[in-house]
C-alpha cells in the first residue's frame, strides 16, 4: 500500500512546488529566514539591465549625482517596501494578490496584476535583448531571423525550466549565481583598473556626458527612473516576504534590495562602464567599429545598448560567462514574479485557478512579444509611467491595511468584487501625477502618486465610496 501511494505523494509534491502558493496564503511550516530570502533581491538587482540603467544615469548626471539620487530613492523605497512587505508577511500573499483584500477588491486587483506583469515581463524582455546583443558581439554573429530564433529560443527554454519549481529552486539558483557573479565581477573590475589609464577616483568623479536640458531636469529624470523601478522592487520583494517569519526578516529583505539596486547597482555601473570606457573605445577603434576621434562617444553608446559587450571586451571568455551568469539569476526571478502576477490576473478575470506552469509559459510568450515590439528602446519612459501606477497601488494597500482596516470589521471570507474607493484613487492619483510630471510642475510622479493615495484613499473609503462585500472562495 505504501509503495502504491508513494508515486502519488511525489506527484503531489511536484505539483505543489510548481504552484508555489500562487493564490493561497503561505503556511507557517513553509516560512523562511530573512537571510535565506535576502538572496532573492540581491539576484534581481545585479544584472545587465541594472548596469545599463546605471550607465544611463551616470551619462545624465555623472557618477556622484547618480549615487546621491540612489541614496535618496533608496530611503523612500525602503520605508514603503517595509510597510508593504509586512502586509505580505502577515497575509502570506504575493504582492499582486494582496490588493484583493487591501485596496482594490477581487476583480479590481486585475489592475495591479496587469501593471506589474507588464513591467516585470518588460524587464525580462529588456534583459533578453541585452543578452542577445552581447552574444552576437562575443561570437561575431550577424543579427538575423535565424540567430533570433536560436538565441531567444534557448534563453526562453532555460528560463522556463529554472523558474518552474517554486521558491526553493529559485532561491538556490539565485544564491549560487549571485556568488559566482560577484567573484567574476571582482576579477573583471581588477582587469579594468589594472590595464586602463582610469583610476577609481576618476571613475567616481566622472561628469555627465549628456548636455541636453538643465542639470536639474536630468537629475529629476534620474529620480523618476529609480523611483519607477523601486515600485517594481517593492512588489517583487513582497513575493518573497510572504515567506518571511518575522517583521525583521521583511526589513532585511527590503534593505538588501534597495542597497543592491540603488547603491551597489549604480556603483557597479560606474566601476565597469565608466572605468572600462577607455578599453571599450580602444577595442572599437582596433576593430574598425569607431574612429579615434569618435571612440569615447561610441563606447558611451555601447554602455547604454550593449552592456554585455563591455564584459567581453574587458575579460574575454570570463566576461562572456559573467554576462550569462548575471542574466540567468535575474531572469529566473523575473519569470517567477511575472507568473505570479499572471496567475492572479487569470483567476480574477475567469474565476478559474490557473496552473502556474502555464502562466510561466504565458509570461515567456509575452516577453517575446515585447521584444518584437521594441520595448527596450522605450525603457526609461516605460519604467516611470508604470512606476506611478504601481506605487499608487502599493500606497493604497498600505493605507487600507494600517488605517482603514483598523476602523472596519472585516472577515477574510467577505471581500469586495471591486473596491471602487481604491480603483478610483489609484486612477486619479496616477493621472494627476503623470500630468504634474509631464508639465514639470512636480517631476517626481512616483512620489506624488504615493502621497495622493495615502491621503485620498481613507477619505474616499469612509465617505462617498463605502464598501460592498461578497463571499470569497
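Each residue, glycine too, has its Cβ placed from N, Cα and C.
According to TrEMBL, the protein has these features:
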TRANSMEM  39-61  transmembrane segment
TRANSMEM  67-88  transmembrane segment
TRANSMEM  109-129  transmembrane segment
TRANSMEM  149-167  transmembrane segment
TRANSMEM  174-193  transmembrane segment
TRANSMEM  219-238  transmembrane segment
TRANSMEM  250-273  transmembrane segment
TRANSMEM  308-326  transmembrane segment
TRANSMEM  357-376  transmembrane segment
TRANSMEM  382-405  transmembrane segment
TRANSMEM  417-436  transmembrane segment
TRANSMEM  442-460  transmembrane segment
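Between the transmembrane segment (308-326) and the stretches 39-61, 109-129, 149-167, 357-376, it is 39-61 that has the most C-beta pairs under 8 angstroms.
Here the transmembrane segment (67-88) touches the transmembrane segment (250-273). Their Cβ atoms form 3 or more pairs under 8 Å, with each pair 6 or more residues apart.
Below 8 angstroms of C-beta separation, residues 47-49, 95-100, 152, 155, 159, 232, 235-236, 327, 330-331, 334-335, 337-338, 341-342, 344-345, 348-349, 363, 366-368, 370-371, 375-376, 379, 382-383, 386-387, 389-390, 393, 423, 426 of the same chain, each at least six residues beyond the ends of the transmembrane segment (109-129), sit close to that stretch.
Across 39-61, 149-167, 382-405, 442-460, the stretch most heavily in contact with the transmembrane segment (250-273), judged by Cβ pairs under 8 Å, is 39-61. Residues 18, 22, 117, 121-122, 124-126, 128-130, 152, 156, 159-160, 163-164, 335, 338-340, 342-343, 346, 382 of the same chain lie 6+ residues outside the transmembrane segment (357-376) yet bring a C-beta within less than 8 angstroms of a C-beta in it.
Same-chain residues lying 6 or more positions outside the transmembrane segment (382-405) and placing a CB less than 8 Å from one of its CB atoms are 80, 83-84, 87, 98-99, 102-104, 111-112, 115-116, 118-119, 122, 224-225, 227-232, 234-235, 375, 419, 422, 425-426, 429-430, 433-434, 437, 445-454, 457-458, 461-462.
Most Cβ pairs under 8 Å to the transmembrane segment (442-460), among the stretches 149-167, 174-193, 219-238, belong to 219-238.
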